[in-house]
Amino acid sequence: MDGTETRQRRLDSCGKPGELGLPHSLSTGGLPGASENGALRTPESQSVTPKPLETEPSRETAWSIGLQVTVPFMFAGLGLSWAGMLLDYFQHWPVFVEVKDLLTLVPPLVGLKGNLEMTLASRLSTAVQATVVGLLAAVAALLLGAVSREEVDVAKVELLCASSVLTAFLAAFALGVLMICIVIGARKLGVNPDNIATPIAASLGDLITLSILALVSSFFYRHKDNRYLTPLVCLSFVALTPVWVLIAKQSPPIVKILKFGWFPIILAMVISSFGGLILSKTISKQQYKGMAVFTPIICGVGGNLVAIQTSRISTYLHMWSAPGVLPLQMKKFWPNPCSTFCTSEINSMSARVLLLLVVPGHLIFFYIIYLVQGQSVINSQTFVVLYLLAGLIQVTILLYLAEVMVRLTWHQALDPDNHCIPYLTGLGDLLGTSLLALCFFTDWLLKSKAELGDISELASGPP
């Protein structure tokens, strides 16, 4: 869901040779450029064998990583908790009750905030991508929703498309500005932006995106009698897209984003849409009461942690290797899971730190929701254990896949931030929503069996 801002940070930081302990061959020449197919091009002067990992002067320890990550992670969790409670509140609004497909839009639109380029230079490309992806998210929601319906309401289709496009545009623009402010602030404070930018932007991003979606869709719903409003909004954005493209062509880096940055974002949107379908089909059923509250949390926690790890591994490779060349100890595309979590290597250490944050983090966020919403939140011990287990499974799978995908994309001389994070956060949404629904179903099933057992005992007892 996040972390794509690191490209600009690396360009800034690599301007000072030796500041981050870069090998001389990289520190004197700067970072490789991008080729015409979107891959990272390595100049001939830099096509050298990377340093062995054994010579790496690691400055970070597990404690330093933990200290930097924990505070923004907890801050992000607070935002995710409020986002969950907002979604639980919004689901009772008339527009969400009548247009159920709006709930299918929640994961892809929330995920969109981290999958678009968030640097200042690419704000115009963000506008173009947000417009197109917003329309595609609405189409995906309609197609997935049409599976269980025989006819399509044209008015609801127009409302869905207009809400999706306008929400995607406003959220992407606002969060692009927010990401810039966070990265600049982190650099001034001397903190690694990889550790804090992702969770802070994600926490505020979920709140902003959900709020914009609710307000925009409610506005269109209140004015549904105006038959020209929603089509006019959609057509206006479509008409402005060529204008933004023409302006964006003035900058070659933005042109590359517009040419080659579509596939990861669109595929991530499709993956997230399946998570949204699960949410929309379960949110109103009694046995899944609480899905709206916990979905943003479990999806957000998994997406934040895997985005941090992906960004860290990508930064590491930019520092210690050349695009297309994997370091000695990262030659295997499918590493042993033990090497991902159980070695002394810096990326393995950060994976352990992030994994250790899952259980205490979810417990704290669960308790915050319980304090605010009281008995309306499911709080059985069985569900809590299942929920924590689901969170661990989700993050473990995502962290391992991050290691695999970064190696594969780097071997292809592609930028891991732009190509891995969208897929992983989309997969995190799907995994989180699926595992959460399974937790609710399993807890309901165990309770039903226990209740049937009690009834049987009463029936077979003495008269």
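Glycine too: its Cβ is placed from the backbone N, Cα and C atoms.
For reference, TrEMBL has these:
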| type | residues | note |
| --- | --- | --- |
| REGION | 1-59 | region 'Disordered' |
| COMPBIAS | 1-13 | compositional bias 'Basic and acidic residues' |
| TRANSMEM | 65-87 | transmembrane segment |
| DOMAIN | 118-215 | domain 'SLC41A/MgtE integral membrane' |
| TRANSMEM | 127-147 | transmembrane segment |
| TRANSMEM | 159-186 | transmembrane segment |
| TRANSMEM | 198-221 | transmembrane segment |
| TRANSMEM | 228-248 | transmembrane segment |
| TRANSMEM | 260-279 | transmembrane segment |
| TRANSMEM | 291-310 | transmembrane segment |
| DOMAIN | 295-438 | domain 'SLC41A/MgtE integral membrane' |
| TRANSMEM | 353-372 | transmembrane segment |
| TRANSMEM | 384-401 | transmembrane segment |
| TRANSMEM | 421-446 | transmembrane segment |
The domain 'SLC41A/MgtE integral membrane' (295-438) resolves under DSSP into 118 helix, 0 strand, 26 coil
Beyond the flanks of the transmembrane segment (291-310) by 6 or more, those residues with Cβ under 8 Å of it: 1-3, 69, 73, 76-77, 80-81, 83-85, 87-88, 91, 106-107, 110-111, 114, 194-195, 198-199, 202-203, 206, 210, 275, 279, 282-283, 347, 350-351, 354-355, 357-358, 361-362, 365, 369, 373, 377, 387, 390-391, 394-395, 398-399, 401-403, 405-406, 416-417, 420-421, 424-425, 428-429, 431-433, 435-437, 440
Touch test for the transmembrane segment (353-372) and the transmembrane segment (159-186), at least 3 Cβ pairs under 8 Å: no
Who are the chain neighbours of the transmembrane segment (65-87) in space, where the CB to CB distance is under 8 Å and they lie at least 6 residues beyond its ends? 106, 110, 191-192, 195-196, 199-200, 202-204, 206-207, 210-211, 214, 292-297, 300-301, 304-305, 308, 349-350, 353-354, 356-357, 361, 364-365, 368-369, 372-373
